[in-house]
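Feature annotations, reproduced from Swiss-Prot:
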| type | residues | note |
| --- | --- | --- |
| DISULFID | C7-C29 | disulfide bond |
| DISULFID | C13-C34 | disulfide bond |
| DISULFID | C17-C36 | disulfide bond |
| SITE | K28 | site 'Basic residue of the functional dyad' |
| SITE | Y37 | site 'Aromatic residue of the functional dyad' |
| MOD_RES | N39 | asparagine amide |
Amino acid sequence: TIINVKCTSPKQCLKPCKDLYGPHAGAKCMNGKCKCYNN
C-alpha cells in the first residue's frame with residue numbers, strides 16, 4: 001500500500017507503516033513515497 005509520506009530511505013517509512021499496519025509491517029521507499037506491506 002502506498003501511503004502519502006515522503007521519503008528518501010525506507011527507514012523513514014518504517015514508523016508510519018508500523019503505526020498504520022502494526023508491528024509486523026514492512027516498508028519500502030518507492031518514487032519518493034512510502035510503501036507499506038504486511039508480511
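Cβ atoms are placed via backbone N, Cα and C, with glycine included.
Since the structure is predicted, the reported quantities are computational estimates derived from the model, not experimental observations.
This view paints the features noted in Swiss-Prot onto the structure.
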{"residue": "C7", "record": "disulfide bond", "Cβ neighbours (10 Å)": "20"}
{"residue": "C13", "record": "disulfide bond", "Cβ neighbours (10 Å)": "23"}
{"residue": "C17", "record": "disulfide bond", "Cβ neighbours (10 Å)": "24"}
{"residue": "K28", "record": "site 'Basic residue of the functional dyad'", "Cβ neighbours (10 Å)": "16"}
{"residue": "C29", "record": "disulfide bond", "Cβ neighbours (10 Å)": "17"}
{"residue": "C34", "record": "disulfide bond", "Cβ neighbours (10 Å)": "23"}
{"residue": "C36", "record": "disulfide bond", "Cβ neighbours (10 Å)": "20"}
{"residue": "Y37", "record": "site 'Aromatic residue of the functional dyad'", "Cβ neighbours (10 Å)": "11"}
{"residue": "N39", "record": "asparagine amide", "Cβ neighbours (10 Å)": "6"}
Listed recorded positions C7, C17, K28, C29, filtered to Cα within 10 Å of Y37 (site 'Aromatic residue of the functional dyad'): C17, K28
From C13, C17, K28, C34, C36, N39: recorded positions whose CA lies within 10 A of C7 (disulfide bond): C13, K28, C34
Cα-proximity to N39 (asparagine amide), 10 Å cut-off, over recorded positions C13, C17, K28, C29: none
Alpha-carbon spacing, C36 (disulfide bond) to C29 (disulfide bond), which is rounded to whole Å: 9
N39 (asparagine amide): secondary structure state under DSSP, collapsed to three categories: coil
Rounded Cα separation (Å) that holds between C13 (disulfide bond) and K28 (site 'Basic residue of the functional dyad'): 7
